[in-house]
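Following: one structure in structure tokens, then a few remarks.
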Amino acid sequence: RVFLQSPRGGRMEVLEEKDEEEEKEEELKALEVSGELQDTETELSVDPVCVSGDEPSGFDWSNIDTSQLPASYKTNSPKEKKLLRIADHYLQQYIHLCPERKPLFLHPVNECGVKKFVSTTLRPTLLPYTELYHWDGCASFVSDYLTMEPLKSPLALPSSLYSPTTILKYQRGNCFDFSVLLCSLLIGAGYDAYCVHGYATQDICNLDETLEVCPLLRKPQEVPKEEVKMRDKYRIKPLPDMQSKFELQQEAKKKAEAEAAQKKERGEEKVTEAEEPTRDPWCGLRVHAWVLVLSGKREVPETFFINPFTGNSHSTMDEHFLGIESVWNHKNYWVNMQDCRNGCKDLIFDLSDTIHWEIMLSERDESPQLLLGAEKEKELIDRNMDDMDEDEEEEEEEEEEDVSFAMPPSWVAPIQISLKEFETRCSQGKKVTLYKKAKLEKWAPYLNEDGLVKRLTVCADVGYAEVVEVKEWFKNREDMLDRREVNKQTLQTTEYFSPGRLLGLKVHTYKSMEPQTERVMEFYSETRVDGLQKRAENASEMREYFVGRDDFKYFQHTEFRVKKKRVNLTGVRTDTNTRPIVQIKECFHRNPLKPADEDVAERVFQIEEEMIQLTYHLKDKYITASKKDFFKPEEGYRNESELMTPEMCITYQAGSPEQHPKLVHLYKLLQELTEEEKQLKKQVQQSQAEMLKILKIRENEEADIKLSASIYNTERNEKRRQEYEAMMKAKEDELSGQMEQALDYLAPFLIQIGNPEKMTKAQALRLRDDCLSDFKNRLVAKVNIIQAHFEKEVEELQKKNQQFQENQNKLSEEEEAAFLAEYSEATFRIHILALRLDREKQTAPQRYLALEEKLRKDPRLAEHLGHA
């Protein structure tokens, strides 16, 4: 016996001898099962399908125009016909060995009703778009560009498989159409990709993602940190748990009961039930197609699946994929012979393993056949001898023909996608996908006036009624806005900008665009001179964070005195910077070039109290820092004899006996600090003015949104297109003028007579005579030059010949051969010169007469020379 594995069940016994009664019972059972399956297919054919977008899912494929399709779509080449015979033979053996398995997807009809083998429907293509050089870009494009259509029967294979070009033209298809197009792009990009015919869950087959978390909301998996192992004898024993476990259980029980009661009151139990997936009675029977990408090529580290409907990658262990019947690429076809009762978890994807995968076209130039062995011979002997002989003869003929047979090239026309189609992506430029408590909308670039290309709406319920958060993505905006997040509960808005904005704005978080309200701005510090990284502001304070400054400052905190708001009767917003400053605090990193007790760590300017506090960095092995507190003199204090008194400065020197520094040094330091205080006030005012400027700019940008276009995109960049057209027109005009001027054979002679607008007869005759005389002289000069070259070559040849005759007996064979070679070349040159000289003498009179006739007909001379 030969035991083969069914992809959806256990082991099958083939060629087992059965009694007639057992055969009748099996036939009856088969009839019952087929009847049940027909009822099932009838029921499932009307299953609801979740189709993304607003378009209806129905489309009449019978009315498509096939008159303009190439001949390869309507006929089969001899090689394709031979392949179909091989496929039929392969299918007969498969049905015989695996009668309980579903039929293979080998040669469905195309849009012209012609049978085509599935491998030849693949057309490997690399399109000239950077995004399509990678698998995720290809998958995203296919899922966005095409509209999903369900299979007519979820339990049966489709009867047709259209070409990728037709699918792209109408932008719709089933899972097999999606997979063939995606696989063609992946193979063209260099991936080891295969189309898969198998079985999947109901939500995968119907593109129902309402129970799935949106990929944009999934949190990245945290890599667990490895704990440092310590020896047991050094490990501290944990304290015993003195808490009663019974009490903890009772508390947890009460808490669960309270939560259940609250849910029941709010009616949340029904929502929870609605969120839970319903059990699919036909799980494991729903037909689906997807793409398999094997590891190896393009540095793919691990084999994975791609769902063509969503463009998402899945592990081969994913529970949504329940089994595989077969896989194929543009070179071959493989049947899965492994057990799939555990889905695809235990499958081995080594297609060269003939035990787990049955190949159709042998890669070792052998005939395509299943491993029948001695069992096939035994069964054939039990059959009718005549039928056996006929079958064997046919098989032998086919096997003789099929030796070293290679897959014929694809019958599909080249896949082409224009730049406009690639940018438009979704059908009608928009696509909507529903997830669990989230809705994702996509638009084509430049479709929306504000540059919106993607919006994610996060809701609190499955009915999408209560909106919690809205995230929007933008492209091609002149204000460099990249993303906006709005929290509907806190009313907080966060905007993200790309590099290149004025003042280097990176992130802006706010609740209101009014000035002196709570907001946080982050900046691209590398583009700013002051190294500002972040600025947070509200009505009473402003915090600024810096990076990479030469003075080592990393933080500045400014406190303001809050003014009472005045009612503005004019209704015009007044942007003023008149908030009085109470205190300015600065923090500095350690400067290694200075001693710690001279390196300031914190500096506080108490403006209203007229006080300055300095705190220095800690010395090594010290727990207190040196400090200095300065009290500024009153404005009216002008005692020249006592500019600085000991009471004006309180000093603490860590780790040193009380030593009072000289008052002169303290006075100079106070003067420096007073000057820096003035500069800080100006800086704070500039920071406030900068915040107001940014807010004003943002208001103007939102009031008049403008989209940018590349200088190479002449269709959308109107200014660039006009400049390009004007430049090309100027070039054409300049070139045509140069050509006319270069081709004017009378230009040198017109200059001699002053280039008059209208010539007299005397001028015309002179112009004609000068032109003819010049042309005659040129012809004579050319003949003389050729004659001189000819005579020179003849003279040199005669001299060499005379020398050869005189020294012939003294020359070696090599010198004689060299002379003969030179003699041959000289003879050839003389012959060419003679031909050229003869041709010039014959054509010179004709060319002279032709020029004379041209001068007579020239419109500038015809008036005076027409009757001459």
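Every residue, even glycine, has its Cβ placed from backbone N, Cα and C.
Under the heading region 'Disordered', TrEMBL lists 1-44 (among others).
If you look up TrEMBL, you'll see 16-25 (among others) marked as compositional bias 'Acidic residues'.
The region 'Disordered' annotation in TrEMBL covers 248-275 (among others).
Look at TrEMBL and you will find 287-360 tagged as domain 'CEP76/DRC7 peptidase-like'.
Annotated region 'Disordered' per TrEMBL: 386-405 (among others), in sequence order.
If you look up TrEMBL, you'll see 387-403 (among others) marked as compositional bias 'Acidic residues'.
Summarising the annotation, TrEMBL assigns domain 'Dynein regulatory complex subunit 7 MORN' to 428-710.
Marked as coiled coil by TrEMBL: 663-690 (among others). Note on the coiled coil (663-690): residues 503, 535, 542, 544, 558, 577, 579, 581, 584, 586, 603, 605, 607, 612, 614, 628, 630, 632, 643-646, 648-649, 651 of its chain, located 6 or more positions outside it, place their CB under 8 angstroms from a CB of the stretch.
Summarising the annotation, TrEMBL assigns coiled coil to 714-741 (among others).
Look at TrEMBL and you will find 757-865 tagged as domain 'Dynein regulatory complex subunit 7 C-terminal'. Predicted-model confidence for the domain 'Dynein regulatory complex subunit 7 C-terminal' (757-865) is 87, expressed as mean pLDDT.
Per TrEMBL, the feature coiled coil maps to 787-817 (among others).
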Number of helical, extended and coil residues in the domain 'CEP76/DRC7 peptidase-like' (287-360), per DSSP: 3 helix, 30 strand, 41 coil
Tally of DSSP helical, extended and coil residues in the domain 'Dynein regulatory complex subunit 7 C-terminal' (757-865): 98 helix, 0 strand, 11 coil
